[in-house]
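Trainee: Sequence annotations record features per position, and here Swiss-Prot assigns coiled coil to 141-185 based on sequence analysis. For 139-182, the entry in Swiss-Prot reads compositional bias 'Basic and acidic residues'. Residues or ranges marked as compositional bias 'Polar residues' in Swiss-Prot: 183-199. The topological domain 'Cytoplasmic' annotation in Swiss-Prot covers 132-206 and rests on a curator's inference. The feature transmembrane segment is assigned by Swiss-Prot to 115-131, with sequence analysis given as support.
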Amino acid sequence: MVFYFTSNVISPPYTMYMGKDKYENEDLIKYGWPEDIWFHVDKLSSAHVYLRLQKDQTIEDIPKEVLLDCAQLVKANSIQGCKMNNINVVYTPWANLKKTADMDIGQIGFHRQKDVKTMTVEKVSKIVNRLEKTKDERFPDLAAEKEARDREERNEKKAQIQEIKRKEKEEMKKKKEMDELRSYSSLMKSENMSSNQDGNDSDDFM
C-alpha cells in the first residue's frame, strides 16, 4: 500500500507519496523516478516521503510552500519527530539514494553528500491536517509504472533523434540544391561568355 497526498497550496498541485512501512520503502527506493525528491527526518526514524516533480524541474525549483508541506508530512510520520519542534529534515534527488546489499530493510545512504539538503521545521498542525484530507490509499504496480515512464522517455528521445535526422537531411537537400543552382549559374555564365566571344570573332572576319 502506498499513501498519496496532494500539495495544493499552489497551482498546478504537486503529488507526494510514502510507503506504509519499511518493507514498502524498499520498493519505493527501487522503483523511484528521476523526477522524485526524497525526504526524511534527519537522524530519526521516519517515513520516506517522495515529492514528484515535472520532468523539466530540479530540486532548486521546488516552491517553498511545497517544500514546507513535504517537511511537515515527513515530520508528522516520525514517532519521535512528531513530538519535537525545530527538527531537521533532509532531502535529496532519488538518484542520489544509495542502497547496498549489507544495508537493513528500508535503510539507505547517499552517493554524494553534497547533494543532500537540510531544512529546519517547526510543527504546524494545520498543514498536516490539510494534507491528511487529500490522503489516498492505493496499491500501485510500481514496477509497471516505472517501466511505462521509462518507455515514454525512450520514445521521446527516439522522436527527438528522428527529428534531428530529418532536419539534417533537409539541410543537406537544401545545400545540394544550392550547390546545383550555383553550378548551373556558373555554367550559364560560362556559356554566355563563350557565345559573346564567338560573336566578336565573326565581326573580325568581316
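Note that Cβ sites are derived from N, Cα and C of the backbone, with glycine treated the same way.
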Trainee: Which sequence-distant residues neighbour the transmembrane segment (115-131)? Criterion: at least 6 residues beyond either end, Cβ under 8 Å.
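Mentor: Same-chain residues near the transmembrane segment (115-131) but 6 or more away: 5-7, 16, 42, 59, 67-69, 71-73, 75-76, 82, 84-93, 96.
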Trainee: So what's the average pLDDT for the coiled coil (141-185)?
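Mentor: Taking every residue in the coiled coil (141-185) and averaging pLDDT yields 89.
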